[in-house]
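K.L.:
Shown below is the structure under consideration.
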């Protein structure tokens, strides 16, 4: 008969797949059916290894309880987890797509007998086309018990009737049946919801970080339903439990009974592990007798009763209070044993204005028959100093968490008893700061309310509201406001900043016209490109005498690099806020792309200015955030990505060895990922600038008829910005992608031959592919051909994806370049019509 431990092609059993998918019900059913818990696949991995590798803690405990051998080293097997997770997700989709229909459910559930083989068998190919639950049903050999109910409950097979008989089916060795196509978007939603459900199934064993990551994935995929709200509540519960746990540990270290009692109560309410709570209770049991002993000592001191004090000292010693702490009280008691000693002790207490000592020595002086005038003097001093002593005790017990009314009441009391001003100066300072903080937070809230009425159609109005809100937040933070206090304002500030960028355009296109070169002037070239005074449009004069008009977000004639970058400065803030930002230059060779992007000494271009602005913002926020800035640089040469931060042989067209090939793919969050690309952490603008200089030195250049040192590749710089809030731990990821595209001229115009002609052909292919993508995006076609070329794959999240994009179209004003200039301007006009959907990265 069929074994419940039958294997598929890689040696996996149903129990291994069920353990990897986190399906505890199926695991239980398989174990109940006699599955071998220690069986291993062909790579020597058991079901417990699969569970541990994928973080299925609940399943691992279930397997260990069933007698699984605990592997000695799970970390070496961890790399299988991501691949196995994807395999299981795919298998589950295929299983779900093959569920029995309502009409034929009973027949599709039955596995028919083989007439030719005369024995029960299962095709390994069919194992790979079903989920762990589905595989378990296939391997079950006709058993009509709890397992079928488990599978039906999981939604993986149809319901079984009482008279249904499960008969094993002989599945021929044939290709997997055709599967109904599911869109990538739906698959992404399915995977996200499945991952969230798997993590939620772990219950309290799940970590807040895993849950937050899964929630972010669900939200990024646009999925709805499932247990998303439950997951958010679980995250909140786990956070509060972590805070209660930290408070409990702090109370254990402090060993203060009031703090321990409060922490234990909170920990039990937040379900902190009982081992920690029990440890705290044990510490409390040790400290409570000492607390009671000190209370009795204090009461005896207040009464000035030597008999009570002597009794209290004995109990304090028995409770374990160290002798050195009790020594001052014992000395005080001994000093009041006789009249002479009593008078001497009283005189000392009067001189020192020691309230505690006065209470004891006055009592002893009366008992010992001390001089009446000395006793009267002591009583007068006590009458004045007693209230002051009480006021000082209040100041000592003062907590910096006290409210403003509580601080005012304490100040009134200490002033009433005429304490010296320096004794309560710290409290006055704290009150002033608290009042200032309260006032400034009020202004923050007023600013939030004010921006709700801002005209969202006006860039100037939004910018003014954003700046006012930013100023209010900064002032409140300087006055001691916490991140939690200003979080709503920060979120509103980011939304306003993003609204400004959206109003300026999902993709902004700037046109920059260079001046005529000396060579062009010597050849008698004339300028046919005329920027208009509005700074938004230009006119091109054709050979026929007719004019073509073009409009962009900004048009720059010959001018400074600073005025060009000023229009792009806000995009750097967007990247720090967690958005993808892309800046690229397009145009024919010699039109000024590289000058615009990188500039020259003393005339720095957009890239170095972006780096300076980035680290200005990073330095400005270091008190609140921990920043990580990673820089990478590559060129796309003849449709092959080359890592420019890896030393290469100049005779070769590639720098990377085979095991360092740069592969481009999309992440689950919809962002571009390039495998094996070198990323260097940079702590300053100088470090990142040196990275760019090192990469630029390895770029492929050659002379053409249009430029004596033409770049024969697309230069791409990627800067990753990761910020972690020091107070809340929230992480935000942004990216800046800067592309200096190779020249877009025709082969005839560039006059290149041989290898350089092949380079030009590849360049034109890549720019054509980019044009095809732009055309599809502008016409809102369903399929966008990003995968037609490596360039469009690298820029996939820059055009129409989660990005804020700035395109420079650089053009020559010379009549000799009229065709290339018009072509570039038309290309840029198409790009202006693209609509992006920008999302923050987390």
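Backbone N, Cα and C define each Cβ position, glycine as well.
Dumping what TrEMBL says about this protein:
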- 10-42: repeat 'ANK' (REPEAT)
- 95-115: region 'Disordered' (REGION)
- 103-115: compositional bias 'Low complexity' (COMPBIAS)
- 506-834: domain 'Kinesin motor' (DOMAIN)
- 587, 588, 589, 590, 591, 592, 593, 594: ATP binding site (BINDING)
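Could you tell me the structural context for the features on the list?
P.N.:
On the 0 to 100 pLDDT scale, the repeat 'ANK' (10-42) averages 87 in this prediction.
In the three-state DSSP classification, residue 588 (ATP binding site) falls within coil.
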K.L.:
Applying a 10 Å Cβ distance cut-off over all chains shown, what neighbour count does residue 593 (ATP binding site) have?
P.N.:
28
K.L.:
Across all the protein chains here, work out how many other Cβ atoms are within 10 Å of the Cβ of residue 592 (ATP binding site).
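P.N.:
Residue 592 (ATP binding site): 21 neighbouring Cβ atoms within 10 Å.
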